[in-house]
Each structure stands twice: as C-alpha cells, then as structure tokens.
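Visitor: Below is one structure. I have some questions about it.
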Amino acid sequence: MDGMGESMQLLIANFTEFQLATVVTFLLHETVFFLSGLPSLLFERFGLFAKYKIQKKSNTSAYQNRCVLRLILYHVCVNLPVMIFSYPAFKFMGLRSSLPLPHWTIVVSQVLFYFVLEDFIFYWGHRALHTKWLYKHVHSVHHEYATPFGLTSEYAHPAEILFLGFATVVGPALTGPHLFTLWLWMVLRVLETVEAHSGYHFPWSPSNFLPLYGGSDFHDYHHRVLYTKSGNYASTFVYMDWLFGTDKDYRKAKAIEEKEGKNL
C-alpha cells in the first residue's frame with residue numbers, strides 16, 4: 001500500500017482532516033457515483049446492449065434528466081450537510097487520517113464487516129419502508145423509476161436518504177476507521193448499488209461469480225412489481241431474503257423464466 005500511503009500523505013499535506021472527511025469525501029462520492037452510473041443511462045438512451053437489458057421498457061430522456069437534476073439537488077442539499085455535521089461524531093468514534101495506513105488485513109476485515117452489517121440493517125429498514133404509510137409518503141419516490149438505471153440508486157426522498165443512510169455509516173462509526181478505509185467502503189458500496197440498479201445483467205455481472213451476491217437481476221425484480229409483493233429487500237446479499245422468505249415470488253418468477261427458456 002506504499003502508493004496509497006504516498007497519495008494519502010499528499011492529501012494530508014494540502015488539506016485539513018475536516019476538509020478531507022467532508023468536502024474531499026463528497027467529491028470522491030460524486031465522481032465515483034456519476035462515472036459509474038452514467039453508462040447505464042447512456043446504454044438505455046441509445047439502445048446499446050439491448051440483449052442484456054432486463055426490462056424491455058425504457059425511460060425517456062426527459063425522465064432520465066429529471067432524475068439527474070434532482071440527484072444533484074439532493075446531494076448538495078442533503079448529503080453534503082450530513083457529511084459536514086456528522087464529522088464531529090466520526091471523530092469522536094475514532095476516525096483518523098494520519099499515516100501509516102492500517103494493515104491490509106484490517107482494511108479488508110472492516111470493509112467485510114461493513115457490508116454484512118449494512119445489509120442486515122438495510123434489509124429491515126427497507127422492509128419497513130414497504131409498509132403502507134412509509135411507502136406512500138417516503139419510499140414511493142425511489143420507486144418512481146420502475147425501470148431503474150444506475151443513477152436511480154440514490155434517487156430517494158430526503159427522509160429515506162437519512163433513514164437508510166444510517167445503515168451505511170453505522171459500521172464505520174462503530175469501528176472508528178482510518179479515512180482511507182472509509183473511502184474504500186464508500187466507493188465499493190456506491191459501485192454495488194449502482195450495479196444493482198443498472199437495469200442490465202451482463203455475462204460479467206458480479207452475481208454470476210460471487211456467491212450470495214444479489215446484483216441487478218435480483219434488485220430489478222424489486223422495482224418492477226407491486227410494492228406489497230416485491231420482496232428482495234436486502235441491499236447486497238440474498239441470504240436475508242432467503243432466511244425470511246421475502247424472495248419467494250422472485251424465485252418462482254425465475255423458475256418460470258427458466259422453464260419457458262428451455263421450451264423455446
């Protein structure tokens with residue numbers, strides 16, 4: 001991690017820890033989010049890779065643009081202030097940016113812990129958002145896009161951004177990680193949720209290689225069916241929905257698809 005250490009040293013020399021943990025973190029998030037999310041928007045807009053598109057329906061250009069504009073508004077008016085005002089809490093819990101960087105085994109173990117914990121909390125929070133009142137007044141905003149593309153992953157009511165955002169930050173808050181670990185976790189989490197909302201299932205999609213990983217096909221089903229029957233509430237993995245039986249309709253639908261495919 002020598003190269004990473006040198007890069008971190010350069011950042012430390014030019015920015016305060018507060019700036020690194022807030023503004024630089026925000027800019028890193030925006031860069032990763034939009035660079036990873038724009039391809040599926042463009043694929044849909046120009047009809048590219050149509051054979052890998054999960055749904056035949058597509059969003060109009062105007063509907064896509066609406067999503068992008070609102071995302072910029074939400075990110076600047078909600079995400080950035082949350083990062084700024086939560087810095088003292090993270091600092092209190094042990095966040096640091098100084099060198100040396102933690103050993104790679106610590107980084108990997110913490111990030112894996114964050115994924116498992118986030119998935120568990122997200123499952124129950126997301127399931128709660130599908131109750132009648134919360135869905136109508138909060139979560140229905142996210143489901144305005146029944147045919148998702150990568151950027152819709154963070155298109156949500158401000159209350160939901162705060163509510164489910166807790167699942168993302170609770171792990172780091174508990175462990176008090178190095179800022180580098182926090183950045184790595186954020187980047188991986190963004191890439192995961194963008195892929196899950198991409199609307200495309202490619203031969204190289206992670207779910208084809210990673211056991212227990214949900215991915216785009218798993219989550220796309222959640223968006224395209226009635227909210228009371230959608231299931232597939234977990235963010236990253238499939239085992240929570242399997243354990244609590246909230247993936248039964250999805251499994252039935254997949255079995256029918258496979259049967260029909262064999263009969264063609």
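Including glycine, each Cβ sits where the backbone N, Cα and C put it.
Curation plays no part in TrEMBL annotations; they are all automatic predictions.
Found this in TrEMBL, in case it helps:
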- 20-46: transmembrane segment (TRANSMEM)
- 67-90: transmembrane segment (TRANSMEM)
- 102-124: transmembrane segment (TRANSMEM)
- 111-246: domain 'Fatty acid hydroxylase' (DOMAIN)
Visitor: What residues elsewhere in the chain lie close to the transmembrane segment (102-124), defined as a C-beta under 8 angstroms and at least 6 residues from its ends?
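Guide: Contacts of the transmembrane segment (102-124) (Cβ under 8 Å, skipping residues fewer than 6 from its ends): 1, 164, 166-168, 170-172, 174-175, 177-178, 180-181, 184-185, 188-189, 233-237, 240-241, 244.
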Visitor: Please work out the helix, strand and coil residue numbers for the domain 'Fatty acid hydroxylase' (111-246) from the DSSP assignment.
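Guide: Split into helix, strand and coil, the domain 'Fatty acid hydroxylase' (111-246) gives 90 helix, 4 strand, 42 coil.
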